[in-house]
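Taken straight from TrEMBL:
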- 12-31: transmembrane segment (TRANSMEM)
- 37-56: transmembrane segment (TRANSMEM)
- 38-265: domain 'Peptidase M50' (DOMAIN)
- 126-152: transmembrane segment (TRANSMEM)
- 228-248: transmembrane segment (TRANSMEM)
- 282-303: transmembrane segment (TRANSMEM)
Amino acid sequence: MSRATDSTTPVPRCSLLAVASALAVLVVGVLRPGALLFLSIIMVSVVAHEAGHFWVARHVGMRPTEFFAGMGPTLWSRRSPRGVDWGVKAFPVGGFVTIPGMTSSAVVDPELEPYTYRAATTWRRLATILAGPAVNLLIAAGLFALVARIGYVGSDGTRSGAGLLDAVRFGRDATWGVITSTLWSLGELVMTVPNYVADLFANTSPDTRFLSPVGATRLTEQAAADDVVTVIAFAAVLNASLGVFNLLPLVPLDGGHALIAVTEKGLTVLRRRPVTFDANRLTPLAVGVIGALVALTATSLWLDIAHPAANPFS
């Protein structure tokens, strides 16, 4: 997910807190290898997502100023000859690319103004915003195709894989299946919020639920215990879900920024004059979305502890 900052932000440096945080993550990884595997899959997926934003932004004339893997205190960073700050944060739970001028009110160095997000045409903005989710969906399709190509081990101990073309078709169809099922689950959860809350207070597991990091770690361990192909399929599902989730038309998600770009273009055509929408006006909505995600994560954490999901690979 791209973000906007003042272009004069200093280059962060490694700190004792950052090192301690990284060591804590390593300890967790040693104690729970499944957690380390899950975080590795997530980080590769997120970095690929952000690389999509970065690469397209550069190729359509924007000038990103930061590309960091992880969140929190900075472990390491350096500035490239092109003025981009690259680095690694302590917590492997995300990442970001900074593109100047993501909002109309963002403070930007005048020299960078022609290369900002807000100065770009609508199609260039959309290409940049949609590149991240597109990368995740392409990765998902590729991993599903790899699963089909390798094949699963049958009851007789043999492994039979599909031909290359059939594997590609399977990857496409499987990715589309995850997209539709994810959207259906999101819609079902929204429509059944009262039942979801009632089940929580009744200390029972809702029919539709999302996994917290605890549940995802357990699921990763179960996948790893089953077969390496299962881990690949699990990574494919995570990438497809990440791509779909980021396409939801809600700020601060990529889909929200895409909706703003399309809305501005539509109003400009209808009114026959430039229309600029300040994304900062949607801050209350963004806070609400983040709050809902925090609440969903908290309730999912409780469910994964009190009512662990059944092993889908057994």
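Glycine is no exception: its Cβ is also placed from the backbone N, Cα and C atoms.
Fair warning: this is a prediction, and the values are worked out from it, not measured in the lab.
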May I ask which of the stretches 37-56, 228-248, 282-303 has the most CB pairs under 8 A with the transmembrane segment (126-152)?
-> 228-248
For the transmembrane segment (37-56), could you work out the same-chain residues 6 or more beyond its ends whose Cβ comes under 8 Å from its Cβ atoms?
-> 1-2, 25, 29, 64, 67, 69-70, 92-97, 99, 127-129, 131-136, 139, 213, 216-217, 220-221, 224, 231, 234-235, 238-239, 242-243, 246
Over the domain 'Peptidase M50' (38-265), work out the mean pLDDT and round it to an integer.
-> 84
